[in-house]
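Worksheet for the structure shown next.
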Amino acid sequence: MEKLRLLGLRYQEYVTRHPAATAQLETAVRGLSYLLAGRFADSHELSELVYSASNLLVLLNDGILRKELRKKLPMSLSQQRLLTWLSVLECVEVFMEMGATKVWGEVGRWLVIALIQLAKAVLRMFLLIWFKAGLQTSPPIVPLDREIQAQSRDGDHSSGSQEQSYVGKRSNRVVRTLQNTPSLHSRHWGAPQQREELGVAPTPLGLQETIAESLHIARPLLHLLSLGLWGQRSWTPWLLSGVVDVTSLSLLSDRKGLTRRERLELRRRTILLLYYLLRSPFYDRFSEAKILFLLQLLADHVPGIGLVTRPLMDYLPNWQKIYFYSWG
């Protein structure tokens, strides 16, 4: 146990001293998951295991860095724990579904899916009702930007209380000072942005917004319940889920006063409505043939594009069959 504790302390020290190298390690692990997919029997399960591990690694390293940088989330310890558990579930849900299918078959698969969705819904309702956490964003905990954190640490040591930018008297343009201009390889050539702090408190929700968010949280459970009642080939679960999603977004149409992250979350949910084109039974009856025909057409007539479209054609049917990919 003592050796494990010392090993953990060494790893924490390495992460805090080398955030950029840690990010490269995370990227390498994630890249390995892409290389493993489709290489051999059970490669999809192994690939998903490695991908889940990379996401958990990011979550662990971010926690270490936040502790070192004293960038605590603006919430209680209990709320942080709920968000952490929710993040862990989102990291491993696909692998758990695939593993349950491999070990217990379809019955075990749907049981695991139902338990995970129920756990996520309970956690989110606690966050919404008890902790007044506002809109539930994805991912639940925003990953740290390692490059920005490294620059901010260097800036804290070097610039002290110096102004990082000034406003031109005539043009009113915000310009970096020379002392705070980053190195050439890491410089952003646009105008310096006023970054929104991760510690901004969520926007308080009124009754209408709370109902809308409750619908969004309950939608996966309603979909699973309707699947059990009417079956996977019925249009009822597909239509019910779509109506709930559209209703939730309609009730959240007033975006005044929302934080930048909350506006991005609503935009993400709107874009995800396109997933209904890839969800059964619509995909089976309408989308599948057209999408595969288009990908084959691109592969045959556009030089080089086949390197991307042909693996995508092979992987798309497997992707569509995994619940947490298409419906999660």
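Cβ atoms here come from the backbone N, Cα and C positions, even for glycine.
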Per Swiss-Prot record, range annotated region 'Required for peroxisomal location' [choices 66-81, 194-209]: 66-81
Annotated stretch (transmembrane segment, per Swiss-Prot) among the listed ranges 85-105, 211-231: 85-105
